[in-house]
């Protein structure tokens, strides 16, 4: 496209959430509280998983990276939004805008891949519990996690390198509170066809592709849970994946509503965007902390004066996820001797000896 006599702009102007100073002050306090809560929740979860050997399992390795991604995603969006709520001049350079777009792509793409990897982990734990330790070996879950980061960075690099070549002329007002690629493309006066193709591929591969992987995993999981005859068995099996299922629903639900809305700056579009970029990172760690029994158990243990001791002699361990006084088809009960633990030892270490225990 010929640029003619258009002057090239070097900064963008954000309209933000509101022009009313009183509303902006109220929103500043609200979003600052949410941001601080997000940081504290995710840091606490990270430190807990790191410090406690009982939580050194594939699921918690995924969860630690998910918490770190949520922490980064929130830190990319919220600080600049808080600055704009207090500032009269809501501008940012083109380079700064593209830097924010890059890290949004990295964190959002990595989170989508991590959620699909966690879905596969839950699929292996529920559908093939006897082989879980062999399926989710250290090499596999390390590859899944670091592969998620690699795909996130690759996706961001491709999209931003194409955006660097775009020229922005005259129109520089963004009807939003943050900088995202769909908001920038209409402002360009150069050819954006390649950027549109790259954005479409990113949406299909990272968004739709990972969603299909999660959907297929949970189709098998639900089928397996429904095949369990006892109500308590079904309840225990479902509880192992309820936190992840809630996080997936929140992520894809809010993301779908956000990206289906036009970038017009309408109140309803801004509400869905705030839900996706500000509220969801805060809720993820809260969901896992409240729904996961081991995380709640570790918090309780830290408040106790001592850890409970195992009874001496031969203890018998029954896999808790499916059986309760009866045998389920395809999931036979196994009784496994547990080695007595010394006082003060982690009670979870005894459970690692049981390969049939649901992770």
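Glycine too: its Cβ is placed from the backbone N, Cα and C atoms.
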Indicate yes or no: per Swiss-Prot, are residue 129 and residue 224 on the same side of the membrane. yes
The residue range that Swiss-Prot labels transmembrane segment, out of 100-120, 163-183, is 100-120
Which range, 78-97, 198-217, does Swiss-Prot list as transmembrane segment? 198-217
Can you identify, from 5-25, 26-46, the stretch that Swiss-Prot calls transmembrane segment? 26-46
Region pair the transmembrane segment (238-258) / the transmembrane segment (140-160), three or more CB pairs under 8 Å: no
Give me the count of other Cβ atoms within 10 A of the Cβ belonging to residue 189 (disulfide bond). 18
In the same chain, which residue numbers or ranges, 6 or more beyond the ends of the transmembrane segment (140-160), come under 8 angstroms Cβ to Cβ? 58, 61-62, 65, 98, 101-111, 113-114, 117, 120-121, 181, 195, 198-199, 202, 205-206
Looking at Cβ-Cβ distances, which residues of the chain lie under 8 angstroms from residue 97 (disulfide bond) while being 6 or more apart from it? 12, 179, 184
Restricting to the same chain and to residues at least six past its boundaries, which positions have a Cβ under 8 Å from a Cβ of the topological domain 'Extracellular' (76-99)? 9-17, 24-25, 27-28, 31-32, 34-35, 38, 107, 160, 163-164, 168, 177-179, 184, 277-278
For the topological domain 'Cytoplasmic' (47-54), the DSSP helix/strand/coil residue counts are 7 helix, 0 strand, 1 coil
Summed over the topological domain 'Extracellular' (76-99), the DSSP helix, strand and coil counts are 17 helix, 3 strand, 4 coil
